[in-house]
Structures are given as C-alpha cells and as structure tokens.
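Data block below; observations after.
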Amino acid sequence: MPPKLDINKAGWEQSEFPILCETCLGDNAFVRMSKQEFGRSCGTCARPFTVFRWNPGTGMRFKTTVICQTCAKIKNVCQTCLLDLEYGLPTQVRDTALALQNEAPTSDINREYYAQNMEGKLEGNKSLLDSGRAQAAGKEMLKQLARTDPYYKRNRPHVCSFYVKGDCKRGAECPYRHEMPVDNELSKQNIQDRYHGRSDPVAKKIMAGHAATMGLQPPEDQSVTSLFLSSLPSAATEQSIRTRVAHSLPAIQPSQIKSVVHVAKSRCAFVNFKDRPSAELAAQAWAHGLDIEGERVSVRWGRSKTGGARGSKASPAAVASPIEVDS
C-alpha cells in the first residue's frame, strides 16, 4: 500500500531532492547522492522523511539531511546545517534582527501536528518566512553579517576519537582529523536550539561580536540594565516607545521591560530591563539602531549614577545616563 494511502503513514514525507545550502552541497559538480525513503525521523517534528546522503568533495566527510523539507521550508533553512538559506546565518541571528516570532512548538505533543498542518500551506519550494515588514535597521544588520561565500571548511571530517585517546594506528590513512578537540561554548550545539533559535552559542558569538563592533560593548558593571535612546521622533510618546520596543524584541517577554522613561524635551528615553541578559539581547538586536515611527533612533548603553546621596530617591533620568561611544 502506498504511504499516502496508509493512514499510519499519511504524515510521512517523500521528496526527490533535498533543500541544501551551497556549503553543504559542496564544490563537486558531479555529486552523487543516495536516497532512502523514510530513513529516519525528523530532528524537529519527529516525522519520518526521505533521507539523502552524499560526499560534498574530496577529503570531506559524508553529509546527510537531518530535518524534513516541511520544517526546512517553515524556517527557510538548509536541511543539513540548519542555517538560513538567504543569509547563511543561524536562525537566532536572523529572527532577532528581523524581530520574527518563533511560532513552531517545541513540545513532543504539538510539533508533529503543527508540521502536518503547515505542510498543507506550503506550495512547491515556497517558504513561509515573511520578512517584508521587517524594519530597515534589521535588514541592514543582516546584510552586513551575511555569509555570501561558501565555507567548505565546515565539511571537514570529524576529530578521530582514537587519536584523542592515543590509540589510532592508521596514521596518514585515517579518514578522520588528527587534532585535539576544543572544549568551549561552540562545541555545545544541538539541532533543537539551532532550529528554534534559542541559546545557540554560534548565534550568541556572532551577535555579541557585531554589537561590540557597533559600539554597544556591554559595560563591565553587571548592574547596568538600561539602554539610552536618543534622537526620538517629536511625536513619540512613552506608550508608543514601549510598544515599539516590545514588538522589536519577540524573544523577550514584555514583563521583562521594567520601565520606559521618556524625556520629551530632550527627545530621548531610557529603557530599563529587569535583568542583564534581556538588556544585552536588546543591545544586540538594536546594533544598527531602532526604527520608531519611520525614523532611526540611536542606541547606547546606560550607566548607574554613583554620586547621589545615600538613601535618597533618584529621579528617573538619573538612574541611567548614556555612555559616550567613540565614532
């Protein structure tokens, strides 16, 4: 009985060719692939799908698809490395810059049901990712961070586990790399975090480095949880600023925004967060500024005032003052 006619296999996926980025496909113009229908379960929705396996080039390791095409189209990512097909970046970087909300469920109960429903909305190779309404500052950030050239070094063989133990006797004939592994944050990657854009160490490194380049290096004082917005539109109000801030940070709960202090006369505002990680994520998302009512607003870190009298209540504007950033 064909899979589509079997009620137990109705949600299983069949495909003729994988959705891959240029890096994973490799530089071999005559690449040969093996195809296995329902070879494994998808790494995100757990549905069986058609698995492809190939060698991207000489001296490279064999690569395989790890998620189904439905999940890849929903996020517009490669089926193997799970990086964005347009920018070559982790989904967490793209979603943070474009202020996209992650709607895919992460629980085992809902993710398969969600994938089956979304499959009916997909037409051909069309992706459901809509970035047309994204702000100009986010698109500018992605253009600057985009990886346009393929990075074939990512296809190298894995480290030889026997070499690490000192037991490898193959020498130069060993197909794996003879080098000691590096134990850091980048070695703790997994499919779920990469796909859903949460706690991805590669994304954190990219966004933190870019924010520092743009003059938004987090201050050493961990108590600083405020960002200073300057050059606000004359028609901006405290409520409009709070609404725009919340919409531009879908990864942060609105309750994490402690307060928004708007100084209308100076056309500036202080956005105070409840914790330091939320403030750092906002600084990374606003590395190129924040668009409010069609105007680009400058963003800088705030700093605590230390010269006030002990026990006295400071005014909102004195809680955080901008740190001067060299241009």
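Cβ coordinates are placed from backbone N, Cα and C, and glycine is handled just like the others.
Note: TrEMBL annotation is automatic and uncurated.
The domain 'C3H1-type' annotation in TrEMBL covers 154-181. Secondary structure by DSSP for the domain 'C3H1-type' (154-181): 10 helix, 2 strand, 16 coil.
For the domain 'RRM' (225-304), DSSP puts the residue distribution at 24 helix, 30 strand, 26 coil. According to TrEMBL, the feature domain 'RRM' maps to 225-304.
Positions annotated as region 'Disordered' by TrEMBL: 303-327.
Under the heading zinc finger, TrEMBL lists 154-181. Sequence-distant contacts of the zinc finger (154-181) (same chain, at least 6 residues past either end, Cβ-Cβ under 8 Å): 23-24, 26, 56-57, 59-61, 63, 81, 187.
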